[in-house]
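Sequence annotations record features per position, and here TrEMBL assigns domain 'PDEase' to 176-497. Summarising the annotation, TrEMBL assigns active site, proton donor to His252. Annotation source TrEMBL lists AMP binding site at His252, Asn253, Phe254, Arg255, His256, Asp293, Asp402, Gln453. The annotation Zn(2+) 1 binding site is assigned in TrEMBL to His256, His292, Asp293, Asp402. The annotation Zn(2+) 2 binding site is assigned in TrEMBL to Asp293.
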Amino acid sequence: MGSSSSSYAPKTIYLDVDGKVQKVVFSGHCSPCDIKELLCSSSNIPRNTAIMLMDPEGALVSIDPTMPTNSPNSLYKVVPLSTGQIGEKEDMFQNVLSQVADQFSRAFRINELKSEVTNRLAMLEKRVELEGLKVVEIEKCKNDLRKLRDEMTSRGGGRVNCPCKYNFDDGKKVTPRRDVPNYPKYTLSQETIEALKKPTFDVWHWEHNEMLSCLEYMYHDLGLVKEFNMNPITLKRWLLAIQENYRSNPFHNFRHCFCVSQMMYGMINLCNLQEKLTLTDMGILMTAAVCHDLDHPGYNNTYQINARTELAVRYNDISPLENHHCAVAFQILSLPECNIFANVDPEAYKQIRQAIITLILATDMARHGEILDSFKQKADNFDFTNEEHVTCLKMVLIKCCDISNEVRPTEVAEPWVDCLLEEYFMQSDREKSEGLPVAPFMDRDKVTKPTAQIGFIKFVLIPMFETVMKLFPQIEEIMVQPLRDSRDHYEELKQIDDAMTEEAQKKKTENMSIGGKKKSLLL
């Protein structure tokens, strides 16, 4: 009870009112509002005025029953507040509240970010773990497939083994090349640069690194590196990847790729195509030529279809090899370090990709008649502003380059015939061993070099090049006339072969006749 009565005992404070000491006594039961009203009346300040109470040192004193008492020697001063001061105080208070709220918000945001980062890291760790398991499973499946294939081959099931180097044979795949390509750089002389532009170029005198340098030069010379904003190092890596994905077949190899690409470069220069087609068209023509036989297994579409190989099954017997060449080409381009079109607008790249696919698919000789007939209909009234006409021309140009060996001088062209026949004979031998149909022009027991070439030159090459000659008369002397000369050359060889065969047959008949007479005399 004693403490209670003392806490509510009257409290006395002393005020400084206009330099005079004013004594104020109030009960401990008074509310802060009552005390404020009492202080206002004691200090001659109107009621309901906002006030502050300050000690002699200028510090604020709380106005409530618990406020400390003072003495006449330490007077409190009542200070009325103006509306502006009140507003300032409120603004200050609001600013403080705003800053506190902002700090709390940041703290909560940091926690949210921490939580989000933690969740993402956990997801990534899980994903990496799953991907690692997938790789292990894939490798295991590959090993199982290899064992199964080896077992099938050992049991005489060799027909399934017309492998694709890229996916199915030895597991070789296009692998990223992040190193700076270091194939020996061949410096092209001015003589070589001029020779590159002509169909008479001798492709047999060049090593692989020299052919790579020539291809690299063609892309720079035609302005394709600048047009497509190619990284020169990426161009080198791409060319190396291209070379690595051509097999060592007798005919369909990297030298054939270079041969076709060089002929395309030569026709671009000979026909002044830079003046009639766009740089994008030039890039499409050259890139399609470089890629047109990627990973060729050395056995043609007829074999693929008859033997029901993986390629034939995958592409439903529709140009299986050409579809495969396209697929490998774009697998290489899908590698960032080999993508020469990386800086091309996505929509433009989509059109370039489709155009390259169209050209590579056009190299299937099963479509020769269809494509040439379409071009013949357009040739007399050809319109270089018509997209359909230009696409048809590009299809015919890559076809011309693909089978253009006989345009070259005899000493350059004839070894290619030997290479092609060797590849044909490898296929026909395999077809015989597997009980598959054998084409007469591929049968080593039936075909000769002249018989293989005469019909091809007369009925395929000359008609196609003569149709192109309607648009570009300048090719007659340099390309069409050599074809006619080649046809005449092989016809002469055939006459010699026929004469020798006839003479041999005559001698055989005579020997049989003499043998018969001797036998009758003995009897």
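A Cβ is built for glycine as well, from the same backbone N, Cα and C atoms used for every other residue.
Where the annotation comes from TrEMBL, it is an automatic prediction and has not been curated.
Feature map: annotations from TrEMBL on the structure.
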{"residue": "His252", "record": "active site, proton donor", "Cβ contacts under 8 Å, 6 or more apart": "Tyr246, Asp293, His296, Gly298, Glu423"}
{"residue": "Asn253", "record": "AMP binding site", "Cβ contacts under 8 Å, 6 or more apart": "Tyr246, Arg247"}
{"residue": "Phe254", "record": "AMP binding site", "Cβ contacts under 8 Å, 6 or more apart": "His208, Met211, Ile242, Gln243, Tyr246"}
{"residue": "Arg255", "record": "AMP binding site", "Cβ contacts under 8 Å, 6 or more apart": "Val203, Trp204, Met211"}
{"residue": "His256", "record": "AMP binding site", "Cβ contacts under 8 Å, 6 or more apart": "Tyr246, Asp293"}
{"residue": "His292", "record": "Zn(2+) 1 binding site", "Cβ contacts under 8 Å, 6 or more apart": "Cys257, Val260, His325, Leu359, Ile360, Thr363, Ile398, Asp402"}
{"residue": "Gln453", "record": "AMP binding site", "Cβ contacts under 8 Å, 6 or more apart": "Glu406, Val417, Ser486, Tyr490"}
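Restricting the average to the domain 'PDEase' (176-497) gives a pLDDT of 95. Other than the site residues His256, His292, Asp293, Asp402, same-chain residues with C-beta atoms no more than 8 angstroms from the centre of those residues' C-beta atoms, the Zn(2+) 1 site, are His252, Cys257, Val260, Ala289, His296, Thr363.
In this entry, AMP is bound by His252, Asn253, Phe254, Arg255, His256, Asp293, Asp402, Gln453, whose most widely separated C-alpha atoms sit 23 angstrom apart.
When the binding-site residues Asp293, Asp402 are scored by other C-beta atoms within 10 Å, Asp293 scores highest.
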